[in-house]
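Q: After the structure tokens below, expect a handful of questions from me.
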Amino acid sequence: MEHKDNSTMYGTTILCIRRGNKVIIAGDGQVSLGHTVIKNSAKKIKRLANDTVITGFAGATADAFTLFERLESKLEKHPGQLLRACVELAKDWRMDRYLRRLEAMMIVADKSVSLIISGNGDVLEPENGIAAIGSGGNYALAAAKALCESNDQFSQNMTLEYIITTAMKIASEICIYTNNNIIMEKIED
């Protein structure tokens, strides 16, 4: 994520892992303004649609809250249809002159699907049930994939909470815009 100026808040790590009937989204708590840490305990994960959807954002905070509100209204118009609501949001985000300027990405999940939504109009379902966004996203993604795809006996017995916490901790040790104050939300069927 490019840091254009010191007046915009950037940098975070959001990680989503789905296994079986459980999905967890985790985010770190750091908010940076330029090269300065402003807050260590921000909550970047939110529940929507009567707690049936969880979402996390990376990017400018005010922009993300605008997108949360828009997504919530799309979910009200299309209850129980997360994919359709996300596609409608992405279309608006790409076409609307005001929304096009928003600088954020989102991971959204319900009991059956996980999606990444970008301002380019992309709605992507990740492979292998693992998705990550933000400045530390690639580190968290690599760590989560390594933990999930290992074939040894230990990895098969790891809980999703352990995997996501470990992957986020690894990302926080590499990315200067990510801390180890991890907040998680989960949906379990």
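Backbone N, Cα and C atoms are what each Cβ position is placed from, and that goes for glycine too.
Values in this document were obtained by computation on a predicted structure and should not be read as measured data.
In case it helps, Swiss-Prot gives these features for our protein:
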type: ACT_SITE; residues: THR12; note: active site
type: BINDING; residues: SER172, CYS175, THR178; note: Na(+) binding site
Q: Give me the count of other Cβ atoms within 10 A of the Cβ belonging to SER172 (Na(+) binding site).
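A: A 10 Å sphere around the Cβ of SER172 (Na(+) binding site) contains 22 other Cβ atoms.
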Q: Using Cβ atoms only, which residues of the same chain lie under 8 Å from THR178 (Na(+) binding site) while being at least 6 residues apart in sequence?
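A: Those within reach of THR178 (Na(+) binding site), by Cβ under 8 Å and sequence separation of 6 or more, are GLY11, THR12, THR13, ASP28, GLN30, GLY134, SER135, GLY136, TYR139, MET168, ALA171, SER172.
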Q: Determine the most Cβ-crowded residue among the recorded positions THR12, CYS175, using a 10 Å radius around each Cβ and all protein chains in the structure.
A: THR12
